[in-house]
Amino acid sequence: MDEQQLQQLTEQLSLTYFKKPFRHRAYFNSRLKTTGGRYLLNSHNIELNKKYLTEHGQKELEGIIKHELCHYHLHLEGKGYKHRDKDFRTLLKEVGAPRFCTPLEKEKKPQRKVRTYKCEACGQTFLRKRKMDTSRYVCGKCGGKIKEIIKKG
């Protein structure tokens, strides 16, 4: 789906569910990471996350568009457009728009190596994510020398 098709879909959904025209822009914003879409109060445009279309399909995207159109139409009418407002929650139910969107699959970060250090005097162990210069630090418990324990295999 390209930007023009998205614009047409948004205009069509606005007329079908709200019986009002959508006179601004709807477009994909690749910078959106954790949200399905957002309604911009100043420009009245709607930004959408394209990942929802690729991961969850057009039905999910239509739900997000309807949700953002609720914000859009209520804001232009001067009614309560925020999530906590009664006008907003009522309109969501009327048009069948979701209150929240389905979460995206999280991109898993590579797991960091955990380094283990041990005090030579008292045996206190320290787990660290970052490498530590053992010549600059001493054990906080007894003041003894610290040595890195290297696990084999």
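Backbone N, Cα and C define each Cβ position, glycine as well.
Feature annotation from Swiss-Prot assigns domain 'SprT-like' to 6-148; the stated evidence is sequence analysis.
Taken from Swiss-Prot, the feature Zn(2+) binding site applies to HIS67, HIS71, supported by sequence analysis. The Cβ of HIS67 (Zn(2+) binding site) lies under 8 Å from the Cβ of GLY36, GLY37, LEU92, ALA97, PRO98, ARG99, CYS101, each on the same chain and at least six residues away in sequence.
The active site annotation in Swiss-Prot covers GLU68 and is backed by sequence analysis. Listed in sequence order, GLY37, ARG38, TYR39, ILE46, LEU48 are the same-chain residues six or more apart from GLU68 (active site) with CB atoms under 8 A from its CB.
Taking a C-beta cut-off of under 8 Å and a sequence gap of six or more, HIS71 (Zn(2+) binding site) has these contacts in its own chain: TYR39, TYR81, PHE88. When secondary structure is read from DSSP and collapsed to three states, HIS67 (Zn(2+) binding site) falls in the helix class.
Taking DSSP states H, G and I as helix and E and B as strand, the domain 'SprT-like' (6-148) has 50 helix, 23 strand, 70 coil.
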